[in-house]
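J.: Annotated signal peptide per Swiss-Prot: 1-18, in sequence order, evidence recorded as sequence analysis. The N-linked glycosylation site annotation in Swiss-Prot covers 87, 147, 237, 373. Annotation source Swiss-Prot lists pyrrolidone carboxylic acid at 268, citing experimental evidence. The annotation phosphoserine is assigned in Swiss-Prot to 273 on the grounds of experimental evidence. Here Swiss-Prot flags 277 as O-linked glycosylation site. Feature annotation from Swiss-Prot assigns disulfide bond to 291-357, 320-389, 324-391.
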């Protein structure tokens, strides 16, 4: 929790410094490159603090099967910049890979070898909807002297069974990795038996392998990690997204705006045109000073997060900068409030500032990260990359 506290303190300090620098710029009329470097990081810090690990987790030293799987899933779902692909078939906004906690070998019976794998499930707080649950496992194991054919099934301690069904009749399908791996859907099992429980739960699966040749006993499992033979995938959709408000005005306000718009065109056209011309002449060209989108890129290494964020290596939030003139052009898509604020500034009280240049449209970013407990998480964060700007 120390790292999480430090991140929160850094976020607050950065926010205070950003506001102080902004105030100084407004008074002195000077630009600051350092300010531009700080400002785009604020949204990402706020979003990722929720997923930040407590104790310094590290990236896996070896490129294991679980990490390979998630990297392939990420490659198919997002491009190298972290932008979600339009044709992605993942069907969810978040995928968590859960590694097994236990690796208990059961006495073998004949040619059968059994392991009980336990997968921890977090409490269901209603923030995310479980879309799908699958287990990815190796259905062919090639050891030093043995070839094994394997499959998985639910394990119930009170009702053990002596029946070892063949893997030919299961509902598994090929996984994203090699042909030695399969993926089996267990959504119904997880939803019915585990998902409605509020506390911590353990999903136990029985990993069963049949020898293809006569061999010794359990020594064939030595050196085989449980994470190398199976892992759990949980697919979620976010259920607490903000509700978009309808864009309309009361009828009286619409009439007021139409009347004021007509007055502006007839009574103040000359004054406004002169002001726009003077403003354009004062600065080095309206194209360079009017509200517009500016590219900006920062690496997660610069933020000190590269030890737990796997992909993408860079974040391109972009930012909006420029002057919002008294005549708001149509391309800015300014809201009705900005038009009213402009009217107040012109006709009522000039102490009310004109609208500011801010992002208008955003696109999400897909992030692949390692959680504190060692799970690997793919998650799409909405509203992370500015795509266009507006005055409001």
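Using N, Cα and C of the backbone, Cβ positions are placed for all residues, glycine too.
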J.: Compare the Cα of residue 87 (N-linked glycosylation site) against each of the recorded positions 147, 291, 320 and report the nearest.
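T.: Closest candidate to residue 87 (N-linked glycosylation site), judged by Cα separation, is 320.
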J.: How big is the Cα-to-Cα gap, in Å, between residue 389 (disulfide bond) and residue 324 (disulfide bond)?
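T.: Distance (Cα to Cα, whole Å): 11 Å.
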J.: Report the nearest neighbour of residue 391 (disulfide bond) in space among the recorded positions 147, 237, 291, 320, 373, comparing Cα positions.
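T.: Answer for the nearest of the recorded positions: 291.
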J.: Between residue 324 (disulfide bond) and residue 237 (N-linked glycosylation site), how far is it from one CA atom to the other, in Å?
T.: 38
J.: Could you check which of the recorded positions 237, 291, 320, 357 is the closest Cα neighbour of residue 373 (N-linked glycosylation site)?
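T.: Nearest by Cα distance to residue 373 (N-linked glycosylation site): 237.
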J.: Return the member of 147, 291, 320, 357 nearest to residue 237 (N-linked glycosylation site) in space, with distance defined Cα to Cα and candidates limited to these recorded positions.
T.: 320
J.: How many Å separate the Cα atoms of residue 357 (disulfide bond) and residue 320 (disulfide bond)?
T.: 6
J.: Across all the protein chains here, work out how many other Cβ atoms are within 10 Å of the Cβ of residue 147 (N-linked glycosylation site).
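T.: Excluding its own Cβ, residue 147 (N-linked glycosylation site) sees 14 Cβ atoms within 10 Å.
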J.: Could you tell me which of these glycosylation sites, 87, 237, 373, has the fewest other Cβ atoms within 10 Å of its Cβ?
T.: 87
J.: Counting other Cβ atoms within 10 Å, pick out the least crowded of the disulfide-bonded residues 291, 320, 324, 391.
T.: 320
J.: How far is it from residue 320 (disulfide bond) to residue 291 (disulfide bond), counting Cα to Cα, in Å?
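T.: Roughly 7 Å, rounded to the nearest whole number.
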J.: What is the separation, in Å, between the Cα atoms of residue 291 (disulfide bond) and residue 147 (N-linked glycosylation site)?
T.: 66
J.: Find, for the listed disulfide-bonded residues 357, 389, the residue with the lowest Cβ contact count at a 10 Å cut-off, counting only other Cβ atoms.
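T.: Each of the disulfide-bonded residues 357, 389 was scored by Cβ atoms within 10 Å; lowest is 357.
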J.: Tell me the coarse DSSP state (helix, strand, coil) of residue 324 (disulfide bond).
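T.: DSSP call for residue 324 (disulfide bond): coil, neither helix nor strand.
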